[in-house]
Amino acid sequence: MARGLQVPLPRLATGLLLLLSVQPWAESGKVLVVPTDGSPWLSMREALRELHARGHQAVVLTPEVNMHIKEEKFFTLTAYAVPWTQKEFDRVTLGYTQGFFETEHLLKRYSRSMAIMNNVSLALHRCCVELLHNEALIRHLNATSFDVVLTDPVNLCGAVLAKYLSIPAVFFWRYIPCDLDFKGTQCPNPSSYIPKLLTTNSDHMTFLQRVKNMLYPLALSYICHTFSAPYASLASELFQREVSVVDLVSYASVWLFRGDFVMDYPRPIMPNMVFIGGINCANGKPLSQEFEAYINASGEHGIVVFSLGSMVSEIPEKKAMAIADALGKIPQTVLWRYTGTRPSNLANNTILVKWLPQNDLLGHPMTRAFITHAGSHGVYESICNGVPMVMMPLFGDQMDNAKRMETKGAGVTLNVLEMTSEDLENALKAVINDKSYKENIMRLSSLHKDRPVEPLDLAVFWVEFVMRHKGAPHLRPAAHDLTWYQYHSLDVIGFLLAVVLTVAFITFKCCAYGYRKCLGKKGRVKKAHKSKTH
């Protein structure tokens, strides 16, 4: 250290003590959590872990039948009854995920997708009804005096509950269908350069892509109604007055968006929108002896991590065998999260596991590639750790995520329905052997990590902020209080247009009057002149 920068140790210790003593620590608060099951919960769980470490209490509300939400030390789990069993739930979920790999006629696939969407929507709504009509539980929640509700607005039940209990809400979200996030924040959303969800458009669109971008919401209007309208009806019933979907999504004090401008395209944001992309990369842990042994045995070739997310762990036999054949043709050891029937052609370099520490494996320097369904959870772990991807998107925003990463040169996208064993083999060899993929993902990783505050700390800060101040009304734009024609200034435009037209009309009338006067006078002069000459 330079002589001029040296500080005596006692003085340094005293300074640090003073700094800590004036730090505005939040008092212990109570957080009510209404999560969405699946990978969104896995990210939210990290925020709850940190809130617990800072002295806050969290209560997680969940149906007693679910996929991943189980009791843990850093929160209290409160489960409520639903009219189906775990076996029924698992069977239906497996049926949905198996359908991702079935080749069907376009209309049949669309029809099946609509049926799935409708069934999922009905199930979520039924869960919400069971929760809100559980009078004993609602009384208990009301008496507990929670400081904030943390919820994922993909399931609007959390918004209904927060509004019903009059507790400030923080939304923890990645995407909501039907642009409800833009409507809930009153954030500008021009279709000219902000691609709509599920379109796979970029922010630089051709004319036809802009046409598609504008018309796509109309095509999804049925899905939007199916997805959101039941919650508005339920809220209207509870409040005994008309409540719209926009009223529900506008209730949030702060929106914690699990994205950033490394993965997402530049777009406008509002003051109460906070970007926490990569929050799930926090709290990395050392690998167990089992996985360390797999990596050590891989030698100089390293490993490939293969997981299709929290929902998909079984694949139809024919497709599984094609995948296994491709995996056997690369020199790397493949760790494949898979619980289905073991493919008969599984090679010696491929190890099937029921669970794997995905983020910790991706963070190991011997990991060469990541085979993923391109969910935002996995994509961010790939970005955080700088691992190129082979992406096999299955549903939802995964197609958009894959398109963005492929455009940025961070991976290769395969159509899971059409890909062959050779396609997967070539894609793996490309991302492993072509240095450009590694360089591109490392560049994205460097950009993502170059930030003043870690995403987890930022998320926890804003939850504590809302608890301390009982909301954030100063961040709420006045646009929420305008009618649609006021928002677009149509009344002002109409008024100014009327003024211009009125002035133009008066000017025209004056000119016409003056013209007639002048013309009449000139005519009389000519007539008088003619009479004199005669």
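Glycine is no exception: its Cβ is also placed from the backbone N, Cα and C atoms.
Taking a C-beta cut-off of under 8 Å and a sequence gap of six or more, N119 (N-linked glycosylation site) has these contacts in its own chain: V92. The N-linked glycosylation site annotation in Swiss-Prot covers N119 (among others).
The Cβ of N142 (N-linked glycosylation site) lies under 8 Å from the Cβ of L165, each on the same chain and at least six residues away in sequence. Per Swiss-Prot, N-linked glycosylation site is recorded for N142 (among others), and the stated evidence type is experimental evidence.
Secondary structure at N296 (N-linked glycosylation site), taken from DSSP and collapsed to helix, strand or coil, is helix. Sequence-distant neighbours of N296 (N-linked glycosylation site): no residue of the same chain at least 6 apart has a C-beta under 8 Å from its C-beta. According to Swiss-Prot, the feature N-linked glycosylation site maps to N296 (among others).
Among the features that Swiss-Prot reports, N-linked glycosylation site is placed at N348 (among others), with the record citing experimental evidence. For N348 (N-linked glycosylation site), the same-chain residues that are 6 or more apart in sequence and have a Cβ closer than 8 Å to its Cβ are G328.
Positions annotated as signal peptide by Swiss-Prot: 1-28.
Feature annotation from Swiss-Prot assigns transmembrane segment to 492-508; the stated evidence is sequence analysis.
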